[in-house]
């Protein structure tokens, strides 16, 4: 910006910085609140005034992973003493860990849903980015008749409202037995991300000078060798950025997962809200589940920060 | 559908005579993707187009009867469906306007030398990367009338947000504004930082006032990118499902996607819901078309 000159301009500048800081804090407040609630004892999660300073606990995470039931009477002292530390935390909260007949700890639905989310998001990302990179190269380097129409067609599949696509897909999946399976979701997410991956990768590949490959071709590489040995390494950053975007989209997706899965292949996004049933929900457990679920995305966002703009605008803005 | 037709390719690629020819590679690279999208996006839509002319119910074994345009006729004459569209329109207007005001405003503030600017922008982006369904759920706690921090911070006592039919849609929109203002902010910032500085210097020499500078220099130059942000967010807000579905169950927040979901998967009026899906689809494609036009215009600059 132009050098700050007069006193009033300087004051204005300071005011703008202060406003930016306030806005940033406001935007981060809900995320802070999720994080802090995930480490609170249950009785401090819903107090008025809100509890800001407290001794962090790990008990919400123990509860998140275990199946529990209400304790009617306090556990016998010898049972309590014999219990491992994490089980005592559950006792302290007035609940007990449910064990099978053979005494094995029963897990809650959460770890399973988290694994499903990982399987579905990673597999669909690999497929979408793989196919997308090939296709983007095809569009970038070769003349294709009706290229603009084809690219519009590819993009338009991304814009379809999930519920609109879900109705026929549900019927078709039911006919072939893909409802509530990992592959059912993987196919949907691959199709959904494929258009995005083609558009984004085309932008990245367009930026790699054609001369690199041409030089390789003159040196006796075949076109395929040039693609794998010259273009792919050059496009590595773009591929990584595209993959992270596809992963986040698949990881966060809710509507398809809600409609197409109910138990076996259910991912975390439809599962976490379903925990808030009737009665008073334990918000510390929900916060713990939310926190773990958001963590990978938060990390990826930081890794991706330089490519975010480009990804979010479908490559309209390069930077 | 345009087919991939061979055209003349780079004749210098001698190597093309060895290995696969360029045309084969091109087809090998492009056709599977097109086929995949046709099979998993276009074919289902054709399938549901067929059902939209029937009284099919996926919950029963009764065969589908052809009813012609009856589903479309009934839907377009149903005041309740129009009410759902009206709710959706209100939601789009409130939410997108909010995002533009907050997002563009923040971008104007950020478009200067600010310490830790990179960190601040990254932090501001966090909300939109998170899952709408999962974070949206947590806003239920924030909005809680008796122990939510929003009422506490604003001193509103036990004000009802989500259980209040008049307020619920605004509550959903506020959460959406929180998530997506950063998107508008990011795009606006890219536009703002691309405005050539000499224009501002010239305006300063001419003693142009801040309003004149803003409306005659800043806004026209940022407008194309801002339009992209607005159209994109309009499209997404029109399709909105997750947030409203998770946060409330008020009839006043029943946007068109939720109506569609209920019609298809709770009432099992499969045929009718396919018809409604088509009506929604045509509207979305119209907005997409406008969006892509703008996208290409900005890309060409």
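Just so it is clear, glycine is given a Cβ too, placed from its N, Cα and C backbone atoms.
Keep in mind the model is a prediction, meaning the values are calculated, not measured.
Per TrEMBL, the stretch carrying the note transmembrane segment among B:193-212, B:213-232, B:233-252 is B:213-232.
Here TrEMBL gives transmembrane segment for one range in the set B:54-80, B:81-107: that range is B:81-107. Outside the transmembrane segment (B:167-192), and at least 6 residues removed from its termini, the chain residues within Cβ reach (under 8 Å) are 87, 90-91, 94-95, 98-100, 102-104, 106-108, 110-111, 121, 124-128, 130, 132, 135-136, 139, 143, 159-161, 218, 221-222, 224-226, 228-230, 232-233, 236-237, 240, 243-244, 247-248, 250, 252-253.
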